[in-house]
């Protein structure tokens, strides 16, 4: 019985094996019956059952899925070439009349049957979408590197054929792998990766940086980034340093001003806050003028009195100009000196409050300007005498000698009655009454009014006689109602007025004056003779302001003609010499109202 069962099992096993073999053979036979030739993909050839490509019939491969355990590939790097020249074949529904379109029917270009049925044209050179006519469409485009003429108009069929035959060029750098790669177990191949590094294929590889022509741009970028990083990192330090220096300088300036005000707390001027200044000026609404010192605004006190408020801009030498104004004008009160009513100091904000002068400065009246009423000779003489009284008070009327150093018409203000008042004490200096000679490190004042001893040290020391000289130049301009230096004078001899007028008086001639009485002519002559005394070359030859007042109040018959000043021997010498000396000291010369030396 057992033997029978064993035999039966063996028979069944044999039958199953025969069936499986037949199925397999039938499948293989079926594949062969469907004619499934081997396939290829790139460099891979002889792809056959059980593998197939997606494009092959399903019967040509096994339905089972296979997993790739390991794949190697060679990375390749290409660059887009910038080809600006091309040959474009276009077909159009209707004829095109354009110099840029070449009739392709004469060029024997085969582009298909559809292309031949339409109007055919060739366009050479750079072609944009806007260059294609509305009835045309682009059939083909060929890029070329044709080095010959780039004229798209004068192009022939021969040129088109040559360009198509020429094609376009590719250039590359041949990498000598043998000298760059170490010995590898696989091969000695190499390639260029995305970082422009030469990579060698193999388990043991060596990456060597290569500098190609294209890498020059990267070097430039690297250098630019390097300097940009230095600027970005260094700029904050530089800015912080300058901020530190600026704050230190201005804090020092604030300390100097505050120390001065505390040590002179008995001064008459009133200290106002900045908010009060804004209220007086209605937020700086009415601007009267502007100069290098800052701006002047019209304001009103609570009492109703009008004031002129000078907002100081760039301060000189540790706030010295502000200190000069408060220290000098703040301690005096004279009819012919402008009154300082108050001041303001808040941080870097500084202001000086003066009495308001409705008629402005003297220069507007002695120099012809449209809209200004000319002053009479009597009024002019009274103004000159008032200025002389003001300067005399500065020199001899206070417990300290005050030297102004910037007497000129612009700094003489006129009130509603045309009473003159000396103003702008930004360059003023205080000296003891007994000091006949003062020390200055640099010339100061306005060119044309500066005394010669401030430049020529060998003619005498600097003293109050420097203001006498400036007043003399002012007096000449006030009497003649013209600038002392006038390049547009009718005669060359009149260019420098002091030279000309001295010659006239010395020869016994008078100045011609229209519609002037004999008394007025005498007054003008007296003013000019006094002025000529004031502008003597040597300080010792000039009179004091006491004597000047006495001469102006006297009669012209009592005056003698002074000797001819050395500077008047040549009309060009004073200005030229002064300018030469001015250039050598321009870095240290200070200014007042105009904040710079200006030739008048």
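Keep in mind that glycine also has a Cβ here, set from the backbone N, Cα and C atoms.
Nobody curates TrEMBL annotations by hand; they come from automatic prediction.
Remember, predicted model here, so these are calculated numbers, not experimental data.
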Listed range which TrEMBL flags as transmembrane segment, given the options 193-218, 219-244, 245-270, 271-296: 219-244
Neighbourhood of residue 310 (ATP binding site), C-beta criterion under 8 angstroms, separation at least six: 293, 294, 295, 296, 351, 352, 353, 354
In three-state DSSP terms, the structure that residue 310 (ATP binding site) belongs to: strand
